[in-house]
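For reference, the structure discussed in these notes is given below.
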């Protein structure tokens, strides 16, 4: 086409006008924002009035301000959520009484043998105060134990009446809630509230489940969402029962993993704060849950939710957990399921206890018998016994609709295979974990899937299925092509013993993208194939066509490891109700079972200090304690803007000059230490100032043991600490000198251990080669450019 006579100047002007117009529209398009105010002492009513007054200054009328207002956070911090344009949000941020404004975002879920495996057995020491401990769970809801409610539920096209109960939250043996409890458990859609009873003088709650709230502040539910605390997903019931579930004998999934299901603190109470829906878990809802939970009186918060963590002063989980810490409530959060990528760990604020996932010494495997007499083994959870000795066996390629679909059929993709060729057969698929649904819909009776990813995790399937590695996959392919009538059968899964613990391949890894000075994750716990309570409102897989329903289910993810540590923290809290969040965290981190870097090449970036050991954590000997002032000093050290730090604590500004400048590499009293190399030519030296509090015998002496990798020198002064009384504090200095290391090595592992006649208090010391990570990023960047 000829361009002769075309006015390019006019086109450029038109494009510029279009860009300007689009930007103006974007600036005026409304979205949800969260606005933090100065933390003045005032009651809830005055806070709400102030929020509305602030909005009125932006809007044309009080009515518009009221419509814009979504929610006020008034109990544990001073903030509100509102629907605003970008311009309005910018104007708000400049107001004197406003300390910070950020846009609402959405996060996602980090989706029997385990307690015995980490040493917390039914015979472990318990105290009566366990029944006063309250664990707040932020998740998808919960299945109550009460038989009072039998709601009408729609499952597919069927209308059925279900009792949505879970034995994990039985009220038997429980009295009224602890006096500190200020929360509520009201009735809602398909939810009967908590179990109540009348006394002569009052109306009181008598239950294990003492609180249940739900939050959907955008008021935009999908048809599958039920606006109540009831759990239609299963995730929340699973995590809650893992942390606090009562003892349930003969728990199993269609006969698999039969045993007694229980939580870490079966006598503790649980409060559910439903923040997650089919669309995800929004910042507004997360902060509302923190605001209520802190005020309600929970002792520990379990949060199996995350995403890409932002600045510590703007990320909702970081901000909410900071306020919880200030009020003496420890937040335990999942590290994420984006492993094994380096730097993928989320929820990495230093006041959060961040949990990775590892396996236990059991794995679910299925035998695959072939028509030629050969038997192979695959990983997966298949609950169905085959009805025949053998079935016709074919590869996806062989049952393709036509030659054009063979590449897609290789992976058993939707609409790529011929139903007539699939019917009655077991199909061999490559790299397609969702192929069981596709094959079943076409009349197939099973699948065998070849992949080399996540071979440590057994997924559930709706027809007999299993996963094999590439080597066994090639054997299956060769067999199929070697005979005119290939046949096979996939047997029901069985549990087999395996070496453990090993960090899960999916578990997110360090280094910490938020701060190069803080080791994350902090700790690891079982998170693969965990059996716990489940919802009857969803099939085991949640896939269309799945007819498998059970009171229990296997789930994997750091979502499952998180409640193991939250339950462990609650266990420690039951023995030491006056301990701070930092002290509880220190006790768990310094008593963790040491892991093996030979089986986990990412070492501490994979597992932190090691696998949680709650039985040891109740008597740690020494703890590294901190308060919220320490964290403010840390943020100053990390060069956060004073105004942003002020926003976090409800002030317009903080004065960072008031803090001591000589405060070491991390400016914290953290139970682990991490030195980031600053040069690939010279030795990097880092100083760490630490203090420990004696929580063991009044009179005790601790001597230090140092383990340093090659090329690293670690010096501790003094090398001995003598205590004469309980709660006495002693300080020491750690100097780490590290020579340059190969750019192919990202982490070197050392440790510092204080030992007495009775206690061992271990702190990992990590040498982080950030220069290696930078080289990797450059190589990836060059690769992208070359493509």
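Backbone N, Cα and C define each Cβ position, glycine as well.
A strand conformation is recorded for residue 139 (active site, charge relay system) in the three-state DSSP classification. What TrEMBL records for 139 (among others) is active site, charge relay system.
Reduced to three states, the DSSP call for residue 235 (active site, charge relay system) is helix. What TrEMBL records for 235 (among others) is active site, charge relay system.
Look at residue 559 (active site, charge relay system): DSSP puts it in a helix. According to TrEMBL, the feature active site, charge relay system maps to 559 (among others).
Here TrEMBL flags 33-110 as domain 'Inhibitor I9'.
Positions annotated as domain 'Peptidase S8/S53' by TrEMBL: 131-610.
According to TrEMBL, the feature domain 'Subtilisin-like protease fibronectin type-III' maps to 668-767.
According to TrEMBL, the feature signal peptide maps to 1-26.
Across the domain 'Subtilisin-like protease fibronectin type-III' (668-767), DSSP classifies residues as 0 helix, 60 strand, 40 coil. Across the structure, residue 559 (active site, charge relay system) and residue 139 (active site, charge relay system) place their CA atoms 10 angstrom apart. Residue 235 (active site, charge relay system) and residue 139 (active site, charge relay system) have their C-alpha atoms 7 Å apart, to the nearest angstrom.
For the domain 'Subtilisin-like protease fibronectin type-III' (668-767), the model's pLDDT averages out at 96. In the domain 'Inhibitor I9' (33-110), helix, strand and coil residues by DSSP number 28 helix, 26 strand, 24 coil.
Counting Cβ atoms from all protein chains shown, residue 235 (active site, charge relay system) has 26 others lying within 10 Å of its own Cβ.
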